[in-house]
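**Q** A single structure is presented below for examination.
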Amino acid sequence: MLSLAPVALSFTAPVAPLAAVRTPAPEMFFSGSKAAAPKKAAKKPVKKAAKAAKRGGGKDYAKISTRRTAGSFVDVTGKPYVEVDTFVPQFDEIGVLPPIGRWDPLQIREQGPERYRRFVEMEIKHGRLAMAAFLGVITTYSGIRWPGYLSLAEGIKFSDLPGGAIASWAALPTSAWLQIVLFISFLEVYALKQDPEKDPGDVVPEGVAWARYPDGYDVWLGDGSTKQVGEDELFLGKTWKLNAERNNGRAAMMGITGMLIHEGLTGNPIFPIGETL
């Protein structure tokens, strides 16, 4: 027992306090110790220190870890580096609305203004066609048809066509397909051609007595008076209407896509409502 006393004393001897960690001279682009890591990596020892301090007896370790990871990043200009969130919602144009703001995962905007404008024009055009298609399916599927014959040569009446988009397209004769394609092509190339000098979606030719949401117009109020509606009016103004048109077009594109999927799977475009006509 006596022979083990020196060994026991050697283990119970007081330990010298830890020496203070000195920060070396600033290095290129970073001032701090060589052991310091980028911000993300520097957070780990501090978290461990906090956990150790929570358990008790970890105060010294927390102080040393914090001191060891202390440092400051600087950019190439010598100024302190500030980490900035690159996603900043912007609402500086028609169609860019809260809460998402500008959302461009394909980075089309960065490919140039001409290409970006082309996609804006296509979105408006597809939205209008989708709104017409959605309304057409709802109308025909409810049983409403044009009177008379669709094709006298084939003996097909409008009432003979089914209500679904896929079914009605399949029931059309080939000559009707060609007429529809030629008519849409004429509108696209001549009648409703987009003028690059006008706003996207403004395809009405000059001289036509129709305007796409005029900048100012009068509305009748309940008391018999009139009110001038400006472009930036919160409700019924041009900006509000253009945003509503864009959002309704987006919703209609999703709606007609769902109708096509439902009709292809079940034969009913408004599944599970209604019966197949």
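Glycine is treated like the rest: Cβ placed from N, Cα and C.
TrEMBL: automatically predicted annotations, no manual curation.
Dumping what TrEMBL says about this protein:
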BINDING   TRP103, GLU123, HIS126  chlorophyll a binding site
BINDING   ARG128  chlorophyll b binding site
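Walk me through the surroundings of each of these features.
**A** Counting only residues at least six positions away in the same chain, the Cβ atoms of GLY95, ARG246, GLY249, ARG250 sit under 8 Å from the Cβ of GLU123 (chlorophyll a binding site).
Long-range neighbours of ARG128 (chlorophyll b binding site) (same chain, six or more residues apart, CB within less than 8 Å of its CB): GLY249.
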**Q** Let me check the 10 A CB neighbour count of TRP103 (chlorophyll a binding site). How many other CB atoms are there?
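**A** That number is 8.
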